[in-house]
């Protein structure tokens, strides 16, 4: 039986490409109607820029150039020598300099706001995910401990955290908890994200642990493993394999939600975008670039997660 044209991958790819081309054309026309002036040429300098590194005179005195060396002879006869290899001179040999005059400079490439903001986003996401995993693991284990008091504590935490918005929790943590304990805003943001995602990871891990075959528990106990050894050596490795796709999904969500920390003045990718828009009045180019950077991060994680999942399925681990 012949395949329908719409079910062919090549036709599907072509139609999808045409759809996005049409969408891009529509958005471009919409921007043209509001007389928007596109300024894509200003975006690269916010990734990498040339910084001017000057050499300044430490005193009032005369400048002498000798074999890629600049010698400044001060009025008190004291001399200072500078290596000017790679520098561009702004004064000529024999000219008089005043203190703090820039007599030479060189240009050096430095990371711009987008790169620095991206680094902060990655850093805050990785640290938050680490703590979120620890919190989630502890809560999952105490909820499965069989001790009612611990189960109630864990259940209350999960219910409250999952039932309230992250932004509200961020404000509460920053304005109340961080103020009481004098936490820097960076760590206030990290702990807010960690506590929020810890609740979701706790449920993922709890479900994964419960999904491990009961025979594994019985086999571990029959071999003389203590409850801690059983959990650490037998149950958790299997549970983590089962939980991997969901954990990758939570990390992707955490990266996207990390944009909320810009509200408390952490200079992440989103806050950098807001500052660039305020300085350049170019919201379209700026926010499209910010979105592309977030998409790059999440796509890399999705790709890695998909590859790991396929490998584990091939090994019979999921």
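Yeah, the Cβs are placed from backbone N, Cα and C, and that goes for glycine too.
Taken from TrEMBL, the feature transmembrane segment covers 12-31 (among others).
According to TrEMBL, the feature transmembrane segment maps to 118-144 (among others).
Annotation comment: TrEMBL describes 118-305 as domain 'ABC transmembrane type-1'.
TrEMBL lists 156-180 (among others) with the feature transmembrane segment.
Listed as Cβ neighbours of the transmembrane segment (186-205) (distance under 8 Å, sequence separation of 6 or more from its ends, same chain) are residues 124-125, 127-129, 131-137, 139-140, 143, 154, 157-158, 161-162, 166, 169-170, 173-174, 177-178, 239, 243, 246-247, 250, 253-254, 257-258, 261, 264, 266. TrEMBL lists 186-205 (among others) with the feature transmembrane segment.
Taken from TrEMBL, the feature transmembrane segment covers 286-305 (among others).
Counting same-chain residues at least six beyond the ends of the transmembrane segment (156-180), those with a Cβ under 8 angstroms from any Cβ of the stretch are 139, 143, 187-189, 191-193, 195-196, 198-200, 202-203, 257, 260-261, 263-264.
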